[in-house]
Amino acid sequence: MEDFVRQCFNPMIVELAEKAMKEYGENLKIETNKFAAICTHLEVCFMYSDFHFINEQGESIIVELDDPNALLKHRFEIIEGRDRTMAWTVVNSICNTTGAEKPKFLPDLYDYKENRFIEIGVTRREVHIYYLEKANKIKSEKTHIHIFSFTGEEMATKADYTLDEESRARIKTRLFTIRQEMASRGLWDSFRQSERGEETIEERFEITGTMRRLADQSLPPNFSCLENFRAYVDGFEPNGYIEGKLSQMSKEVNARIEPFLKTTPRPIRLPDGPPCSQRSKFLLMDALKLSIEDPSHEGEGIPLYDAIKCMRTFFGWKEPYVVKPHEKGINPNYLLSWKQVLAELQDIENEEKIPRTKNMKKTSQLKWALGENMAPEKVDFDDCKDISDLKQYDSDEPELRSLSSWIQNEFNKACELTDSIWIELDEIGEDVAPIEHIASMRRNYFTAEVSHCRATEYIMKGVYINTALLNASCAAMDDFQLIPMISKCRTKEGRRKTNLYGFIIKGRSHLRNDTDVVNFVSMEFSLTDPRLEPHKWEKYCVLEIGDMLLRSAIGQVSRPMFLYVRTNGTSKIKMKWGMEMRRCLLQSLQQIESMIEAESSVKEKDMTKEFFENKSETWPIGESPKGVEEGSIGKVCRTLLAKSVFNSLYASPQLEGFSAESRKLLLIVQALRDNLEPGTFDLGGLYEAIEECLINDPWVLLNASWFNSFLTHALR
């Protein structure tokens, strides 16, 4: 094939084709069919332009080369065949002088008579398939497309063929001659089959063998092969499609497509009512830790041993009393439960050998707090199906709650840095491939940004608590086991540290199904006075249990220490997901990675290092009433992580529904910003679906508030 090309085409065309292949890193010794295709395309472009001039009156005329008037202005500017830089320079120059719209892709010619760019196509397949591929790639009505085939067929935009019939006939004759010459040398079949279709930036993978057969078998009806289906999809024009489908539907379906304009969307309505309350399974920003550094005590690593050691570091215990009662609970029972924990821990310390686990005495206060014997008796359905007034429990609608500022404060705090390191880098062996090296580099940079983050502390705390609770639920089903709430970290200097946040007492846990509930009482230390935001602590009974000496700028100050006590519950499936909270790190790393990939594809090199080390650059973090908030790349990493962690901590059906429904509105708004002229029907129904998820969940309400800020700024 290479010999044929060199014999068949003008040496100048061959040289230009060689340069083009070199520029794109292709080997003409291997890609011989591509070499022939490039030469053919170049020759057609030159023949298209040949002999066509514009005279002084601005009329298009045809002049043979030996004519003395050949100094007239050329009708066509040839862009194909130039190196990319020069080609774009020519295109920019044409756009500046003629006011033509700049094309996204390099065209082949510019027609000074019709004032338009022209894309020339030469295909070995059917012209309409290739035309659709070209049109789909270019996506511009301003660029004129003209396709020729080796069989003498042609196709052009709006059937406007630009040239006179004789000029086009010369091109078709030349293509037919090339085909005949190839066929006589036995090259045509290989050349015809090698055409891969119009490639966009995403190169088409070759599908062969079994996969190809499966692809052909998996098509919708009326399509014989994958190529035909691909051409149909590429050339599919969505405008009017939905309207057409709607007109075929039942007459009861009454959907008119309304244009979605900047003035169309309204803010999401947030519910009114009392402020929402804290519903996480453990305290977040309000938690207090009793800690030991460099633990080396006997039984170190056994939770109960660690907990007792941490309790011994505090000397300010005092007679506990209730400072913020639980509105609906029997508050003396919560107080008695804490006193029982203290007493039973003291009993353990008095024993010669501390046990590995501690089962609490089943006192009346714990039975009440853990709902022992409170569940209604289950009766077999067959025994009661004949009862005439058998009905399901009446359940009250949940009370609507309004957004409260504490949840935004919780989120801000989760994004902050602590003075401890919460995750270690695993040893995963040497990198082998370059992609592994890039992956390791990204992971290391990301870990450095989030290892001190408070959201990472919440991950490790959640993993520990859920693991311990699930283990105890399976190992001690009938016992009221005392479970210390522990986490481990390192100080900035690298010293190990064990922290105690408080205790959990679990109730009976015969968990057969994933959704069966185990009740537990949580008792957590804090320095936060609950009387400052009583609505946040609606579900808690809060005791004052001691005084803590804290170092401050004015010396040591004494602050009251509180214990936040509440009854709570969880299930096997929730504990399973809680144990896997480390996935949040992976999710946020992937989001950062997609930002790096976008940057890298623009710059055409891996931008990981620059991305993390360019400290001067700021990135969008999120929306607030003030506008788009920006911050360092580290802040972006920590914010994305905190969002992922809060999605786990505050997981609920309300969040699932809001995320799914608001995403639809988000996509419509983004389409509007991208000037895609979106249309909608039943927008009111979409708002209804979004707003029915806004009931009382603090995290969902905060997300809805953020969404409203986004709407305000996106549609300015």
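Glycine is no exception: its Cβ is also placed from the backbone N, Cα and C atoms.
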Given that Swiss-Prot annotates Asp108, Glu119, Ile120 as Mn(2+) 1-binding, name the residue from His41, His52, His297, His326 that shares the site.
His41
According to Swiss-Prot, which stretch among 124-139, 364-379, 428-443 corresponds to the feature motif 'Nuclear localization signal 1 (NLS1)'?
124-139
Chain-mates of His41, Asp108, Glu119, Ile120 with C-beta within 8 Å of site centroid, Mn(2+) 1:
Val44, Cys45, Glu80, Pro107, Leu109, Ile118, Gly121, Val122, His146
Structural state census, the motif 'Nuclear localization signal 1 (NLS1)' (124-139) (DSSP three-state):
12 helix, 0 strand, 4 coil
Near Asp108 (Mn(2+) 1 binding site), which residues of its own chain have a C-beta under 8 A away, given they sit six or more steps off in sequence?
His41, Cys45, Ile78, Ile79, Glu80, Ile118, Glu119, Ile120
